[in-house]
Structure formats: structure tokens, C-alpha cells
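Listed in TrEMBL:
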type     : residues                                       : note
DOMAIN   : 15-102                                         : domain '2Fe-2S ferredoxin-type'
BINDING  : C54, C59, C62, C84                             : [2Fe-2S] cluster 1 binding site
BINDING  : C124, C127, C171, C173                         : [2Fe-2S] cluster 2 binding site
DOMAIN   : 240-428                                        : domain 'FAD-binding PCMH-type'
BINDING  : S362, I363, G364, G365, N366, D378, L418, R446 : FAD binding site
BINDING  : Q810, F841, R954, G1128                        : Mo-molybdopterin binding site
ACT_SITE : E1304                                          : active site, proton acceptor
Amino acid sequence: MSGQTQTTTTQQTEKSLVFAVNGERFELSEVNPSTTLLEFLRSQTSFKSVKLGCGEGGCGACVVLLSKYDAVLDKVEDFTVSSCLTLLCSVNGCSVTTAEGVGNSKNGFHPIQERFSGFHASQCGYCTPGMCVSLYSALVNADKTNRPEPRPGFSKLTVSEAEKSISGNLCRCTGYRPIADACKTFAADVDMEDLGFNYFWKKGESDEVKLSRLPPYTHNNATCMFPEFLKMEIKAGFNLASEGCHWYSPVSLEQLQSLLQMVEVNDGTSTKIVVGNTGMGYYKELVHHKNYIDLRYIPELSIIRKEQTGIEIGASVTISKAIEALKEENKGGLNQEGKLVFEKLANHMERIATGFVRNSASIGGNLIMAQRKHFPSDIATILLSVDSMVDILTGQRHETITLEEFLGRPPLIFKSVLLGIKIPYWRSSRDLSSKTYTKLVYETYRGAPRPIGNALPYLNAAFLAEVSLCKNSAGVMLNNCRFAFGAYGTKHSIRARKVEEFLSAKLLNDSVLYEAIKLLEITVIPEDGTSSPAFRSSLAVGFLFEFLSPLINNSADISSFLCNGYNSALQFNDSKIKQNFDQFDQTKFSTLLSSAKQVIQLNEEYHPVGEPITKVGATLQASGEAVYVDDIPSPRNCLHGAFIYSTEPLARVKGIKFKPESSLDGVTTVISFKDIPGENVGAWTMFGTEPLYADELTQCAGQRIALVVANTQKNADMAANLAVIDYDKKDLEPILSVEEAFERCSFFDVPPYLYPEQVGDFSKGMAEADHQILSAEVKLGSQYYFYMETQTALAVPDEDNCMIVYSSSQCPEFAHETIAKCLGVPGHNVRVITRRVGGGFGGKAIKAMPVSTSCAVAAYKLQRPVRMYVNRKTDMIMAGGRHPMKITYSVGFKTNGKITALKLDILIDAGMSVDVSPIMPHNMLSSLKKYDWGALAFDIKLCKTNRPSRSAMRAPGEVQASFVAEALIEHVASTLALEVDSVRSINLHKYDSLELFFKTSAGEPLEYTLPSIWDKLALSSSFYQRTETVKEFNRCNQWKKRGISRVPIVHEVLLRATPGKVSILHDGSIVVEVGGIELGQGLWTKVKQMTAYALSLIQCGATEELLEKVRVIQADTLSLIQGGLTAGSTTSESSCESIRLCCNILVDRLTALKERLVEQMGSIKWETLILQAYQNSVNLSASSLYVPDFSSMKYLNYGAAVSEVEVNLLTGQTTTLQTDIIYDCGQSLNPAVDLGQIEGAFVQGIGFFMLEEYPTNSNGLVVAEGTWTYKIPTVDTIPKKFNVEILNSGHHKHRILSSKASGEPPLTLAVSVHCAIRAAIKEARQQLHSWGGIDESNSTFQLEVPATMPVVKELCGLDSVQRFLQWTIGSK
């Protein structure tokens, strides 16, 4: 039989792979089975909208819509998948839709893409195509439902579904609010009033008018046509042999078994069993597999069977399908309790991973990873709690065992197959004649950094129990308990048997609960090496307490609950119990975000400057047609590079080998410092250089040692992973902390002109003080840029020893100079071109240079094009990121809170090379000076350590200083027992002190808008009323505490010289070049507006017409020189000014001609004027270099924010309820762009203060490796209500059209969230003190950055539940 099967299997191997992409047919007979859909789309088709953001299914940049046709039911199934994980062979017979297929410039954009543009929901645009496809899928599926027909112009989607459609997609630019609003425009139940600022309508217009202005949506916009030609193709198992590899799709268990036997004989390790291949996102593939076996066509594995006793789910059923099955009403009339259990299981599964991962990940795959590889599975835990069984087939042996036994066994052998799981139906075993009422209670829990998913949990749990209320007693008894815990640093999920046995048949009270918790503490113990072990154990206690405490001491309520049935959360009717449960429930919000206000004042003086026009190219970004560096088609013979980096902080490099027996497919060569024709320079700044590759000595873990060059990016990455470096560490002592650097006097110099001046007399200030705090310490860690597009470049050798390099860079000019030095050629032999950058935040400035330089060196040596797209893990290891530091402060202050003197000793970790670190002292001090410290003294040292060199990251130094300022204000307030807000207010600058601290940057007294912003914000945010409401809330709630905080900023910025060039072509169209690079910050948009305004001064045709004629083109270092750095928030305005100067020259040149023509013709059109100018040989190209005037090159930005948070004391989870910002933009050049900058910067700041940990190992090597461990904010972690007002502070004669910067300053306002968390924790600690938990001397505490769940929970008391119970028992 097996022989027969084998021949049928091999006979079928002749098939080719057939599928469609955006309606286009593809048939492939040769394909490597390891090829992902993303690799195919990006390298073999013209569709580049799918972007590689992480390669883990964790960011959504690569999402596509997959459509499958079911011939039996004659129906099409549409769902999103991550193309970076989906294997190409698994899309046989499917239709793929990318963002270009949703809509494009040729066939017309889809309303989704137009609305994204109109709601200003795309900045760098790298994540936008994935967002659009995610929303499109939600629309397609909602409109298939049998919900009532929506009103015209809307879909059947709900607001909640619209928001959640993009909850798995990451965006680093926008702050999500405008994206959520664009999605909500399609929802049937949306209130148009709730939608935010957009291009379509003005405030106050009626709903009818608003709807008429939106790009129209009809039901047809949500029909995804399945190509007819694909319906003809046979869908049964598909087999393929290619390049010595095989893809098998067995259609029966017999076929599968014979395949497993066959490959086991030929070494089973090179065989991979796949369903959705999502496990590859977590367990990266470091080797090539020879055989792939696809389980999706075996009927027994894809079954969903409902019986009287339970539901059976096949192992290859996707998590999404399992959720659907559990939610479906049971046809056999499932009882209320059984239904509740299934519903809870489904709800929990919806918080696992992301929608597009759940759509392809299988239930069986998840359990197998948990069993074989100890994956921290949620599914294992929740299924364990309901006595699930599993079916296993090994050869001919079929066995059914409990899930608990399955998880506890040694890893399943290769030829064993998990067939499926069975979840029993639950009902309470109530006996009507007995003296008790009995009810089944079930709840699942998940403590994770993100509330609604896309994050592994610190711990998960699920509890099932029969609750009996004795008719004659006032108590509750538990029976049949099932308490499951998992993901806390254990090999697999476990049942807390001892706790179950202890509670069984006991009358519940505080003492019993306390004993149960003590038992639980010795049950849930994370293994050594698990992060935050005490926190994870305390989560288990918190969840058990949350489950059981509402059942204690509420007998009247409990009896009503047990008798009357139930219909919500844990199904209590009204009562205290309902309140008890509500106070724990973090996911109560029906929608993620509530409506928000954006207040903007428009300025028409310089029309169209000041208009909130949409971002240039936003619709192209949404359709995926915007070209980024990695989207440029590979030239012929192109090679790909990947870095080999050091894993030691300080060592001699003796050699590089590759792991023995590793197959180095496609590798061409390895390039090191020995191959560099010129100087070994990888990055260059005015302060110094960094080597391209380590020479004999590597100076940090993560330093580049060599470049592997191969025929594909995948082969280059794999080879780099297989490299083994031979080190010699004899007599070398690395410096890995600022303290060690201080001891060994290892510092970089700060040029005297950059070192700030002290203010006032510190000793005198201290003498005037009534109180002093001496030598308090604060430490701050790093932050990673997490631009969606990682570092990338393409180098193409040209004639005559020249090199063209396409680089994703914030400073092509610097890259140009570095490449020329490294190649040893004159500058005119190098050309660097940058069109747009998929997010930069400072990380694509100096840190992008080594990437373009290494490509150039390899291309120069091999005389072939070389490109590189750095994978996320390597990018994170090399990025350096924000500067970590240690701050020691001493402060003197009066009894009323007025500070008289401050001294700071700051040690900044600059890493191994200088980069731009010398700007840090100046940046920190200018941000610290937001308060009047009386006298300010400091000593700042830049420490040279054996860690990756740190670089500028959005608000470099300023965000850290903003935190330090607030931390010490909080410290002073705490010492004096004063309200923090009053201490802030009393220390705000008057104009005199502002001038003393900031000298010329202070400007005129009228420009100092902070005092009025401070007061205005208190009113607009109802700050004082809400402060009282928060106090009341905290009095009434034991396990949730709120905090509110108001914070100011004063942020100094510097204008730099910037070039520009404007050329008017024959037909009147206008080409503009600027030094500034479009990073998503709307620079091109503002420049385009400025060009139209400045040329309109010739008064020849409408300004709108001129605006349409302008195109800003890519930066080219040979076409426009002296481009400088796009950084520091002011490049947009200085680029605008350089363009205005160009336009003024052109207007001067054209004026005489225009006057002559008007005399002859009466009036004249723009096109006629330009045609005449060409005929009269008028020079229609002008270039300029804007050099800011010394007196006005620095100015101050002002703003303030109020943030309110809620902390769950059982878990440490923080929800930001509301943020209100007022920010002074001068007269905004484009309020829509500036609003996006303010919101986006603030949310990036929330990441720094609340979520983003960037840990390293003891060698200083970064261990956060991508989206699994590095958590940037998502749509569910931003403020629920996010109000922003842009203040138009009127005329400033020295500013560029009276405008101000908006890119970085608002990021520092995010400290308001951190301060609010601190306020909530303070309340929690006072309560803990009242329970006898901490002594009074502990009233001053430090809240670390980031304030993650473990940090917050620890400060609120890891043992708060135990303390509370002891206190309750004692007080009784």
C-alpha cells in the first residue's frame, strides 16, 4: 500500500503552480518551496506595495488579501495573510490582491486610498498599503454578511470592526488617530461628528454635506472578483519538484504516513511540515529544507465537527476558523453555560497574534510549537482549562489523550501527527433536589503589553469552576475547579492542581482565598532566566483574586446571580458583584478610541501656504505605487549583501569561517576592511568618523566586521547567520557602562562652542533655599527608531569609475562624501539619489551611511550592482538608538516649591564612536531650561564605551531632559507634600528669567506664549474639575487608580543653511529640488505650497493652477549640492525659504516681460508668459542657498499637555484615557501636516515612556529582535481621547512666513503620561500603606522609563492582594 501511495505521490509531482495576482495569471513549474509570497511579489512581479517590515507577521506592512474558491459551495472566501510568512506554493489556486489591486493611479484609486489621503493618514507611507488592504478585507467580509443594508455611502462594517481591522498593523509616523478615523468613515454606525480633521469638509457642515464630499463608496467597491480562469484549475493536492526540493500536498492520512516514512529514511531533519508557516515568524529558519509537506488538503485534519458531547477541531483548522466555529450558535441547542465557555474561548483567541496571522496559523501548529518547542501558547492554556483531548497518530497507532498529558510528554517524534482536538460541552452538574443553587463560571485572562493582541503574554490563565450557593447558608462553595496557567516562563501550560484540590468543596471566604493564593505562589514559579519572574507570579495571584473575590461576602447578590441566570461579562445582573467585575475589566471599551477634537486656525495671508492640503503623493503611497529604494527593480546581475557583525564588545578578530557542513547557496564573496580601496570610513560627521568594517580590533558587539555578498537577499542573510568569528580577547577589558567609562576617563570631547553656559550662581541659590535634595540619581535607557523601512541601499557601477548609489538617507550629501573617501575617488565620481524615506527619526542620518558605503565598496570591487535590505534583527543590533544616561542632581528650593538652584552631573553613553553625540549637552540643557531653576550648574560628560555608537533620535537629549526636569519637580513636590501642578506653575518662566536662560533665542516678550497656553489648556481640558473627579474615582475604586498631569515644554530649535532650485519647463510646469529629504514629515507638501505662493506674486493665473503644476523631485547630490542634514525639525521651513528665494529671482526675471505682454495683450496666462520667456531666452532656472540670519537662527517652541491614565493595580496595565495638547505652531505652513507631526511625535514619546525596552546581554549585544520583543505603540495603546489644538500665535517678522517647527518638540510632551502614571501609583501606594504594605519612609519613589507593566505593578505592590487579604482578615 505504501509503495503504491509513494508512486501516486511522485507521479503527481509534475504539476505546476497556478494562481492570480490582481487578476493576472501566473503559472510556475520551477519554484523553490522555501520562497515566500512576499519574495515572489517583490522580485518577480511589478507589484511592490507589499513591504518587508519585520519578516515575522508582526507589523502588517506585507499584508495581502487571499481569495479561495470553494467549488462545492460555489463561494469565495477572502481573508488577509502576511505575505512574508505565506509560502508561495501554498497559494496554489488562489487569487492574491495587493494594494495596487485594490486601486491604483491607472484604473482609479479606491475610496479607501482617497480617504486615507484626505484624512492625512499617511506620512512616510511605508505601512499604508498594508493598512489599506487590512481595511479592504474587513469591508469585503462585512458586506458579505446578512446584516441590514446600510445607509447609502456606508458599508456594513461597524465602528468597532473598522478600528480593529488595522489593530495588527504598525505605524511609526501618524500616531494612528487619523488612520482610525479614515477607517471609521466606512462604518454604518459612525457619527460623522466624531470624525477628525480632514480635507473633505469644514467644521460645522451637515452630515449630508460631509457625506457628499467623501469619495463615494458603493457595495461594488467591496466586491473582490475571483478570476474565472482559476475556477477551472484543479484544487486537489498539489506536488512540485524543483532544484532538488519537493513540495508535497497529501490528500489522505495514508499518503501523509507514507511520505513521513519516506523522508524519515532520507533524514527527516530536512523536512518541514506546514499549514500556514506562521511559526517561521517566531522560530527563524536558519537552514534550507529539502521537503515541505502541506497538511491542508487532508480532510481529517481540516474537520470541524459538532456533537452532543463537544466540538472537534482538526489540527490544520486556522485559529480564525476555530473562533468562528466556537462563536456559532450550536444547532443542537447548546445550554447557556456551554455557550458562555465557547464564547470566552473565542474572545480570548481573538487576542492572539493579529487577524492576518490567525487567518493562516493553525490550532494544531500552535499546540505542536507549545509541545515541542515550549512556545508560550495561549491556546494551550485556555484549552487545558476546559479538559480538552487531543488525537495523535503515530504510524498505525491512534491514541486519544488529555491535552495535559500531551503537553507533559517529551517532544512529539517526527512521524507522529496531531490530528485534532476535542473541546467538551460544559454544563454544571446541578442536582435539583439538592440544597444548593449551582452555576458554571468561566473566565480567561491575559497579561500582555498590548490589550487587544499582537503581543506575547507575560502570563495567561483560564479558570473554570462550579459555584454553588447553599440555600441555608450565606456562602459560596466551589466544585470541579480547573485553574490553568501558562506563558510565564514555564515549559508548557499547567493546571494548578494543589490549588484546585484545596478550594474544592470549601466555603469561600477571605481566609480560604488567602491560603489558596499562598499555594498558588509556590505553584507558578518562572524558570531561571525568565524576565520579571516576580511580576509574572503576581499576575497569577491577581487573576485568581479577580476571579474569586467577587464571589465573597455578597450573598444577596450571589443568590440573585445564581437564580436569575446571566447575560453579560461574568453574567451578574446589576449589583455590587457586577461592579466588582467591572472594576477589573480592562477591555470594557466598546471602541478603542472615542471622538477627539482637533482645533486649527487657518491663515490665508500667503495662500496656498497655510492651507491644510493633503500630503503630496499620499494616494500613491496608499496604492503602493510610491517607489522606495528597495522597490527599484534590481539591475541585471545584481547581488545582495548582508552584514557579519561582532558578538564581542572588545576583541581581536583573527578570522571568519562558516559553520562546518553549512551550504552557502549563492554566496559570491565576503568583503572586509582589506577590500576597501580608499579610507576605512563608514560614517562621517563634523565631529569624527566611524570605520566601515572593524580592522584587527572590534570595538563593540554589533560592529560590522564583513559583508557577505550573494545572489539573493535571503541567501546573503542565511550565510551571514552561519558565519563564525574567531576572537582573541586576551588582556582586553571592555567598557560597558558609563560608570566604568568615568573611572577610566574614557570620554569624547565636546567642542567649546557647543558646550552650554551655566546660569546664575549655584552656591548662592543653594544658600537661599529652605530645603535641599542632594545627589539624587536617575537612569535612562535607549530607544530604537523602528522606522518601518529598515536601512537599505542600491549601488550601481557606472562608466569611467563612477558609482550611482540609491540610499534611504536623511543626509545624502554626507553619504556622498563618505562613499568617495572609502572608494578613494573624487566626489564627482559619486552620485547619491534619495527620493523618499520610509521613516527616519534620526536613524537614517549617520546610521544609513555604512549601508550605502558597503554596497558601493562591494559594487566597486565586483563591478556588479549590489543592494542590501538590512533585516530587522540586524538593524536593531546595529542601530545604536537613543543615548542612555545617568543623571545625578542636587536641588535647593523654598517651602512654597520655588526652586532656587539646580546642579546636574550627567554621564551620557555615546558608544564606540562620536557620531553626533557632541550636540547632546546643548540639546539637553535647552530642554531642561523650560523651568526657572534660579541658578543652573552642570557637568556633562560624553562617555566612550564599547557599545554601538548612539545617534540622534527624534528630540535627541531633549526628551531625556524633559523627563529629568519633571522627575525632579515631582521629587520636590513629594518632599514638601505639595500638589505637583502648583510646583510646576510656580517654576514656570516669567519673560525676564526666560531671557536670562535663553539669551537671544527668547525673542520678543509677545512671542512668549507659554503662560497663556498653560492657562488656556487648564480651561479647555477641564483640568481642575478632572483633578477632583480623579480624586473621587480613587476614593471609590480599590483596584484601579487614576492619575492626571499637566506638563509644559520650551524647546529651542536651530535653522541651518539649505539649498533649493526651481526650474520652469516649456509647458509652464515647475520642477523643484530642495536639500531637505521627504521622510513623511510633509516637507515636499510645504515646499510645493511655498512654490505656488511665491510664483503667484507675478499675478498671472490662479494660485490653485500653479499648485497643480509643481513637482518636487528626488534629491541628487550632483544636481543640488550642500544638501546637509534633514534633522532638527526645521528643514521643511528652511527648504521653503530657499525655494522662496529662487522664486523671487524668477519673478524678478519675468516681471519686465510680463508688463510688456500685458500692455500688448491686456491679460496674460501663465503658459503664454513662460512660452514668451523661452522665446526671449529668459533664464528660467534659479538656485539659491538660504543662510539663516545669525540673530534669528534659533527660536523657542512652546506647548503643554494634560494626560489622564488609569492603572489596573492587579496587573500593572496602564490605559491612557485622555490627552489634551495645545502647541504653538506660529502661523502653520500646513496645519494638517503639523497636526500629524504633533500626534505622531507624541505617540512615539508614549513608546519611550511606557512600552519600548531595548535590552542587551552582558556583552552589550541587543537582544530585542523585532516585533516579538520590541513593542511600539499600537492603535490600542494610544490615548482613548486625543485632543490637539494648534495655536496660531500670529506674526513673527524673523520666522519663515511666521511659521514654527512641529516635528520633535511635541514628543517631549509625552512625559505627561509618565507623570500621570506616577500620580496613579502614588495613590496605589498610599492605599497599600493603609493596608500595612509599605512604611511611610517609602513615600518617595522613582518610576523607571519605560513604565512597563512589570515596573508599574512592582511599585503598586507585587503582594498587594496578599496585603489586602491580610488586612481584611485582620480588620474582621
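Each residue's number is its place along the chain shown, starting with 1.
Using the three backbone atoms N, Cα and C, a Cβ is placed for every residue, glycine included.
Within the same chain, residues at least 6 positions away in sequence whose Cβ sits under 8 Å from that of C84 ([2Fe-2S] cluster 1 binding site) are T36, L38, L52, C54, G55, E56, G57, C62, G281. Cβ neighbours within 10 Å of C59 ([2Fe-2S] cluster 1 binding site), excluding its own Cβ and spanning all shown chains: 30. Taking C59, C171, F841, E1304 as the recorded positions under consideration, the smallest Cα distance to I363 (FAD binding site) is found for C59.
Shown in sequence order, L38, K51, L52, G53, G55, E56, G57, G58, G60, A61, S82, T1267 are the same-chain residues outside C54, C59, C62, C84 whose Cβ sits within 8 Å of the Cβ centre of the [2Fe-2S] cluster 1 site.
Here the C-alpha separation of E1304 (active site, proton acceptor) and Q810 (Mo-molybdopterin binding site) works out to 15 Å. Report note: the [2Fe-2S] cluster 2 site is defined by C124, C127, C171, C173, and the residues of the same chain whose CB lies within 8 Å of the CB centroid of those residues, excluding them, are S122, Q123, G125, Y126, T128, L170, R172, T174, M788, G838, G839, G1080. Remark: C171 ([2Fe-2S] cluster 2 binding site) has C127, M131, I179, M788 as non-local neighbours, by Cβ distance under 8 Å and separation of at least 6 in sequence. Within the set of binding-site residues C124, C173, S362, the entry lying nearest in space to Q810 (Mo-molybdopterin binding site) is C124 (CA atoms). In terms of DSSP helix, strand and coil, the domain '2Fe-2S ferredoxin-type' (15-102) has 16 helix, 31 strand, 41 coil. The shortest Cα-Cα distance between F841 (Mo-molybdopterin binding site) and any of the binding-site residues G365, D378, L418 is the one to D378. For G364 (FAD binding site) paired with C59 ([2Fe-2S] cluster 1 binding site), the C-alpha to C-alpha distance reads 24 Å.
For C124 ([2Fe-2S] cluster 2 binding site), the Cβ neighbour count at a 10 Å cut-off comes to 27, with all displayed protein chains included. Residue pair C173 ([2Fe-2S] cluster 2 binding site) / S362 (FAD binding site) shows a Cα separation of 33 Å. The Cα atom of C59 ([2Fe-2S] cluster 1 binding site) lies nearest to that of C124, taking the binding-site residues C124, G365, D378, L418 as the candidates.
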